[in-house]
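Engineer: Pulled from TrEMBL, these are the listed features:
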{"type": "BINDING", "residues": "C100", "note": "heme binding site"}
Amino acid sequence: MADQVKMPYARACVLEVQRRANILQTNVLRTTVRDVEIRGQKIPKDTWVNGDIHFLMANDPLFENPEEFRPERYLNEDGRTLKKDLVEHTLPFSIGKRACAGEAVARVELFLGLTATFQHYRILPRPGHPIDLEPPAGTLILPKPQKLRMEKV
């Protein structure tokens, strides 16, 4: 994992995959611990609230053209470092004390698995079967079945 710092584009690709293809659309339910007001909206104590992770990671002002798969959005001008604000707003594992307990392991596994795969293979659609990236509606965003082929690089 020490090499990860030397691979900013690969890191940006993993972040963009997580932003665009996050499986869990909504966050874990929480309750407010006191009365709060957000942008003029009063929310009483003990109200169930649920954050929409998908909405947060598809926020137009922060992620320009959010429907496009563009890992470069995470890279600073130098191409060697990541934009801290975008990394911090990519929340596939939730946020706070109740975030995913396996986040650290998952990040390592995703990075190693994806980089190893793409070092050795090109993943392409089968002829006559275009890839459908339109996510289905629902709480879980599971990929649609695809007809793909893998070519050794």
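Using N, Cα and C of the backbone, Cβ positions are placed for all residues, glycine too.
Where in this structure would I find these features, and how exposed are they?
Structural biologist: Around the Cβ of C100 (heme binding site), a 10 Å sphere holds 15 further Cβ atoms from the protein chains shown.
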Engineer: Helix, strand or coil: which one is C100 (heme binding site) in, per DSSP?
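Structural biologist: SS state of C100 (heme binding site) = coil.
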